[in-house]
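Noted in TrEMBL for the protein shown:
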ACT_SITE  Cys117  active site, nucleophile
ACT_SITE  His227  active site
ACT_SITE  His227  active site, proton donor
SIGNAL    1-32  signal peptide
Amino acid sequence: MATSGSPSLRVVMEKVLFLLLICSKLHFVCRAADRNDRPIIGVLSQKLASNTSSYIAASYVKFLESAGARVVPVLILFPGGGVNITSSGYERAAEIFYQLALEANKNGDFFPVWGTCLGFEELTFLTSRKMQLSHTNTSAAALPLNFTEDAKRSRMFSGFPSELMAALASEPLTVNAHQFSLATTTFYSDGSLKNFYRVLSTNTDGNTEFVSTFEAYDYPVYGTQWHPEKNAFEWTRPFIPHSPSAIKTTFYMAEFFVSEARKSFHRFKSQEEEDKALIYNYNPVYTGATSAFEQIYIF
Ligand SMILES: *[C@@H]1O[C@H](CO)[C@@H](O)[C@H](O)[C@H]1NC(C)=O
Ligand SMILES: *[C@@H]1O[C@H](CO)[C@@H](O)[C@H](O)[C@H]1NC(C)=O
Ligand SMILES: *[C@@H]1O[C@H](CO)[C@@H](O)[C@H](O)[C@H]1NC(C)=O
Ligand SMILES: *[C@@H]1O[C@H](CO)[C@@H](O)[C@H](O)[C@H]1NC(C)=O
């Protein structure tokens, strides 16, 4: 699954603090002395549409760096099949990380996992072992979040200023760029999903109400069907908002993920190994004229 030049996923997992996608009972308390101020976050690559190379949009990297983390690309080899959440190199890599993360957290070894958009959809599959997504008309829209009562007591939003919460609830600040969604009715009729995740927001395409943000009850596992990284860092689509509240949304989401990553102490064995793995070894290329992303890293 990993490319020949890169370490195996289990080895990567030992070192990476947090996975973007990416505890017998978790204690989310963090004493300052227990904080890791040098968090490194692994980001899974995805297959390029044009050929078998994989890529990571630079906006994910900037997003994490903006809040004080560094990024290690987790390179996945795609022997065809594209990105399919039930059967692909992406799925198998995500599956291995997800299982290792649950295992680590159960043993009191804090290891956060994050899924954005496809990563969110992947999490719904990994948790329920079923492909349960519905088609929605959400491929190009910015929407306000319809917060649940639980959002107020969530870990994810507890550090957000109240003005920003009000703006998120009333202005179209969250970018949706997906054709599949987890219908709210599906979520609540599936025991494995509803017992694992707390729904923090929903949205609708006019026909289907779907889950747009969740966090796991007992694990540091988080997902957004929307794209928090795009507001500040992507400019290629007219529906991406760039208002002050939109940019704050990007920053406060990043701040939350990275603050979770600082609770993890996974590390590289040596400085040399760390240096070799960091995204700084690669250069992003400008793709704004031909794709949805301003810059991507190609592997
Ligand atoms: C795939 O396409 C990208 C962008 O066009 C290019 O940079 C990369 O070298 C290609 N990879 C292969 C294996 O041809
Ligand atoms: C994903 O792969 C599975 C198994 O090969 C297949 O049944 C399914 O149709 C694929 N999904 C998509 C969206 O292509
Ligand atoms: C999909 O949503 C857009 C607005 O985001 C709307 O203009 C369009 O008519 C909708 N398409 C369908 C088939 O409902
Ligand atoms: C928000 O969600 C609630 C609960 O599902 C629903 O009753 C309400 O109509 C939704 N509001 C909007 C604006 O979609």
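Residue numbering: from 1, along the chain as shown.
Cβ atoms here come from the backbone N, Cα and C positions, even for glycine.
Automated prediction, rather than curation, is the source of TrEMBL annotations.
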Distance from His227 (active site) back to Cys117 (active site, nucleophile), taken between C-alpha atoms, in Å: 7
His227 (active site) - helix vs strand vs coil (DSSP): strand
